Amino acid sequence: MSKLQIIQSKGQYINGEWIKGNGLILESTNPASGTLLWQGNNATDEEITHACYIAHCALKSWANTSFEERARYTIAFVEQVEKNRDQLARLISLETGKPLWESQTEVSSVIGKVNLSIQAYQERTWPKQTETAEANACLRFKPHGVVVVLGAFNFPAHLSNGHIVPALLAGNTVLYKPSEHTPAVAELIIQCWHNSGLPPGVINCLQGNANCGNTLLSQDIQGVYFTGSYATGLRIHQQFCNRPEVILALEMGGNNPLVIDEVKDINAAVYHTMLSTMITAGQRCTCARRIIIPDSQTGDLFLERFAKACKLMRIGSFDSQPEPFIGPVINHVQALKHLHAQKQLIEIGGEIILPMSLLVEYTGLISPGIIDMTRAKNPPDEEIFAPFAQIYRYNHFDEAIQLANQTRYGLSAGLLSDNKDHYLQFYQHIRAGLINWNRPTTGAASSLPFGGVGCSGNHRPSAYFAADYCAYPVASMEQPLLTTPAQRLPGLVLE
């Protein structure tokens, strides 16, 4: 990539304006080539503090705006995304390495999120009124105030959008810090908000690394909406242990199980397992990390075909022809980290079936890997965010469920089975927020809640239930005329 093709940052977006940043240099690279893609600056402490002040200044007017008008701004945002659909999809692919077909799907999710969020708000946080003998019992909802959205790199447009849109609909103002790996995508999304006519200060974007995030979280804020690793989510939780008034919505991934039963259609099982483990180069929080297979001829045949499918899978840059199924992981550093994790599993007794390896130096391009952990000693309960599957064998279905539940996480779990009774048993005993039957573990719908239990979250599911953490309920007993009740309580004397 030549110097001329590097995207120069617009700056920090504060109070409806792009302001040239004064912080340390921040850069993002194309993970498929390792070349520089975008260059800008980390937000300074002063810029972050100023943005928070601006968000508070904009809050009263925005919160007092009618829901219908706030919804119109989100619809105008969608129209801007539609106009920039191709540019946004290409930028997602350039900055994350995703194949173009997957980036186009992400853009469609961004567009579809708005109407679903409007519907969810009207269903879950709409005012209600009940007449009683003494007064009107009213339920209404108010915004929390200024909320922080911390973006993730794997879906740089869609996941942040899933917090931002419900927050704005509820009347909050937003401080948005994208992932430091995907600042270019964030700038285009914010430009779409700007072009929608959204009032200044309602959304502000601050680019930066983890230090910027820490500074942002120390501000006068009323909510934090986060998608990312358990380690980071735990630090956020600990940071707010003395600030219980700040609402936290934490989505933190999982060590997700996929159980293969004695199925008839082995190829179907392989297909859904590929989509569960390898899609997005294994960088979805719902990806299956542990594949639990029967210790039988069916299990052997499944594993043989699964390994073959992984070998034949096309991997490459988003613009490669023929089109790849997956691209790279987010950068070279993460690729090396995943290879080190594979080495550690081998050292505790894991048996390599298909080694994960670096395909191109100084990039995030790695081949898919499969390791049999059945005889390993004390395997770590960690999420390896890569195209990497760990195999565990079982002798009876009860054992499969027991193995599936051997995790502190609880985001997604799946069963591939022709036996409905087995699914009912699986559903009854599995501890997870998303439980799928004969579908990939990565299959989710924005019309449903999205979140996990255990170390996967803090019981604040997003997607359709995001409205719940973007506003708080206010209960009121109301009577338009001040009167003395006909029957007074004993012991009270009035003149």
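Backbone N, Cα and C atoms are what each Cβ position is placed from, and that goes for glycine too.
According to Swiss-Prot, the feature active site maps to Glu251 (among others), an assignment based on sequence analysis. In sequence order, Phe226, Thr227, Gly228, Gly233, Cys285, Phe450, Gly451, Gly452, Ser456, Gly457, Arg460, Ser462 are the residues near Glu251 (active site), counting only same-chain partners six or more apart with C-beta under 8 A.
Cys285 (active site) falls within neither a helix nor a strand when secondary structure is assigned with DSSP, and so counts as coil. Of all Cβ atoms in the protein chains displayed, 28 besides its own lie within 10 Å of the Cβ of Cys285 (active site). The feature active site is assigned by Swiss-Prot to Cys285 (among others), with sequence analysis given as support.
All protein chains included, Ala231 (NAD(+) binding site) registers 11 other Cβ atoms within 10 Å of its own Cβ. If you look up Swiss-Prot, you'll see Gly228, Ser229, Tyr230, Ala231, Thr232, Gly233 marked as NAD(+) binding site.
For the recorded site, Gly228 (NAD(+) binding site), the DSSP three-state label reads coil.
Cβ neighbour counts within 10 Å, taken over all protein chains shown, single out Gly233 as the most crowded of the binding-site residues Ser229, Tyr230, Thr232, Gly233. In sequence order, Leu234, Arg235, Ile236, Met252, Gly253 are the residues of the same chain, not among Gly228, Ser229, Tyr230, Ala231, Thr232, Gly233, whose CB sits within 8 A of the CB centroid for the NAD(+) site.
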